[in-house]
Amino acid sequence: MDKGLAVLQLQHGKWTISDSEDEDNIIPPTPQKDSNKPKPSAPSMGSEARKAAHVNQTLPVKYESHPSPSVKRKRETEEAGWNLSSSDDETPPPAPKKEPKKSDVSPKKKKTEDKRPPSPHGTSYYKEEPADFFETNLLSMNDMYRFYLNKVTGIPKKFNTGALHIKDILSPMFGTLKESVQFNYCFDIPWMVEQYPLEFRDKPVILVHGEKRESKARLIEQAKPYPHIRFCQAKLDIAFGTHHTKMMLLWYEEGFRVIILTSNLIRADWYQKTQGMWMSPLYPRLPEGSPGTAGESPTNFKSDLLEYLEAYRAPELAEWIDRIKQHDLSETRVYLIGSTPGRYQGPAMEKWGHLRLRKLLSEHTKPVLNEERWHVLGQFSSIGSMGLDKTKWLAAEFQRTLTTLGKARKSLTSPETQMLLVYPSVENVRTSLEGYPAGGSLPYSIQTAQKQLWLHSYFHGWHADVTGRSNAMPHIKTYMRVSPDYTQLAWFLVTSANLSKAAWGALEKNNTQIMVRSYELGVLYLPSAFNMSTFPVEKNVFPASSSSKGFPVPFDLPPQHYSSKDQPWIWNIPYTQAPDTHGNIWVPS
């Protein structure tokens, strides 16, 4: 057993070991009810545990050097074990609680839809937006790569120059909105509606979601005050899949735009986390009578986007598919990489997931000198079950994909190629802007972690001084191939896909079939589409410059390996030894 995790075991009581073969199969818990707990005004729709977190984060636990007997007793009973999901979606656990004193208990207040949900950090948290938080200067934006980070509160202003908030994205400066589609995993509908400017607030919106049964009914209920909102339910026919794609389709008077991003449509995702997006150029309408195949880009983006949308088999999207056909997407310089649920054989195996990435890297990149010394980097916010050892998936089919450069000359991965995985440590989370509640969006469970201790030797901490975001925990997911000296990239991918087989797909039936559980979407940057051989890594990401040719990698290179004291953040065990930046501890319930 890993020595550090053995220490955690001693500190936090006995771990409960799940019997499930696939950790994605554990069902999230029904949170304990507390009638005294304030209810948030607009619960976000995602998974049950995510919604529980929305309620429970309103009552963090204060750090005390000697917990009171009642708190200690409570912890001892709770620490006997949790039955929590370890799926790769972003389901946060129920967050820390404190024992309410008699004086804390107030009669239930009537729910109002127009108030902000309570913050885990008190009422002032969301009022910290600087006056210029929603101002965006288009001149300071780098439109070469069109890769942008979200704005973050509580960091120096220069690190938001050229970053975008959701209100910027939906503002009239990018187009006069007529209709939109929001593909996402978690929704807080009243909050989402408020992000549209007043003049666009009643324009038709379709929400594409993966909710079923009770949670679907709650989502529909949330939208009742908004007659302009319609729904499209994504089919999830394979167990434990999620609709994890995050995309906006925006139809304007002036044309059409696509945003592919990493943020949920909930408030907590847009203020103190590191998030990213690709924003397309404004796509003009094609001349009347143009064939549907017109307006294609050198990266085949138009037909790939249409194929992704058609995979939903949803009548609600038919009108949008026709609309996209009428626009000119030829200026697009990125490749689309999607996942859609299914079992695929033959040529269809290369349409989705990591085999899609492998095909693009094979066809549109070239081998480089000392290629085996170029590192593979993966950075993510959640981790699924990888199997008993690295040969089961990670260092086999997945690493083979990530190390592909041009047409394969050798079938086996070179043992020299290093794979570095970036995932926040407990200390990263504890010292973050949000404190321990940031860990609610990093759902790596103890049930999964204790079955794959081998994985933790790959881990590197989150450090992002280059973007001013070292203390803004990542919800962005990025993958790249970087030169031995960390100054060049062979390719870069930003996506919704975490490190999991559910997201990327896993080979079956003697490698004749790939099975994908979830919907995911990302964009791949290849130097050939920019008439370059490699991308130089940008050393000065902020303030953004419109003339820069360097690629704005969102965190520091080279990544720093975990120290002997570091542990990966695990969301469903307590952290009571040291307080976070808000003076709280983490006691999941």
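Note: Cβ is positioned from N, Cα and C throughout, glycine not excepted.
Since the structure is predicted, the reported quantities are computational estimates derived from the model, not experimental observations.
Feature list (source: TrEMBL):
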- 13-127: region 'Disordered' (REGION)
- 96-117: compositional bias 'Basic and acidic residues' (COMPBIAS)
- His244: active site, nucleophile (ACT_SITE)
- Lys246, Lys477: substrate binding site (BINDING)
- His475: active site, proton donor/acceptor (ACT_SITE)
- Ser500: site 'Interaction with DNA' (SITE)
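The most crowded of the active-site residues listed here (His244, His475) is His244, judged by how many other CB atoms sit within 10 Å of its own CB. Calculated from their C-alpha atoms, the gap between His475 (active site, proton donor/acceptor) and Ser500 (site 'Interaction with DNA') amounts to 15 Å. Other Cβ atoms within 10 Å of the Cβ of Ser500 (site 'Interaction with DNA') number 27 in total over all chains. Distance noted between the C-alpha atoms of Ser500 (site 'Interaction with DNA') and His244 (active site, nucleophile) is 12 Å.
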